[in-house]
Amino acid sequence: MSILEKITSSPSECAEHLTNKDSCLSKKIQKELTSFLQKKETLGCDSESCVITHPAVKAYAQQKGLDLSKELETRFKAPGPRNNTGLLTNFNIDETLQRWAIKYTKFFNCPFSMMDFERVHYKFNQVDMVKVYKGEELQYVEGKVVKRPCNTFGCVLNTDFSTGTGKHWVAIFVDMRGDCWSIEYFNSAGNSPPGPVIRWMERVKQQLLKIHHTVKTLAVTNIRHQRSQTECGPYSLFYIRARLDNVSYAHFISARITDEDMYKFRTHLFRIA
């Protein structure tokens, strides 16, 4: 079985919380843009996202008072390097996690962080995990700030400092489901967590031990999965997505997941245009 078959995502460009994937668009927008959608080839398009981002369609929508930006944000996957090996930006990552937080209603999507989070203002270092669990921590979902109880937490960190341009993406996942809770660090290159992450994990562990009897920290780093120079972002997102879909962390320490798997996973992450 392919590793991608273990998760619930698909190559459709529609946001995953939509049940009808025949069209990503709302019925109102479909109706208003029927003529454009029927002749999308003449626009040089092969997807709905291409159609609604086309200058002619955007101009028409503006005249009609149609909010296409909301359609893109809530009914399509995030933009990003779907069909190439371009490096993922923090926008690609955060916008993907925001969309997953719509599908997974008990998932807390934390904005990205650089590795100097202990001295620079990042949400990651300010989160109280007990408040996350109880629904007292603010998070951004569907274009608005909300509070809701969450039993999973995910964040993608960069190993560079905020003064740099970025080096390597890694993942943090906190699982507050079941009897034994876990605070997990995943690095596709197989490197151990650096000091700031170790301290963060231990601090969060002490927070959670106040409300739950068993909490462990895990470094999921015993296998060097990544061999390329480009796939750390997809690997980090894949770890979070797999864990949300109840794939055990043990899967990542028992067999290598290939770069080729991540090339395919990109088509699950991003919309076509």
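Cβ atoms here come from the backbone N, Cα and C positions, even for glycine.
Database features, via Swiss-Prot:
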type: ACT_SITE; residues: His168; note: active site
type: ACT_SITE; residues: Asn187; note: active site
type: BINDING; residues: Gln226; note: substrate binding site
type: ACT_SITE; residues: Cys232; note: active site, nucleophile
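Within 10 Å of the C-beta of Cys232 (active site, nucleophile) we count 26 further C-beta atoms, all protein chains included. A sphere of 10 angstroms centred on the C-beta of Asn187 (active site) encloses 27 other C-beta atoms.
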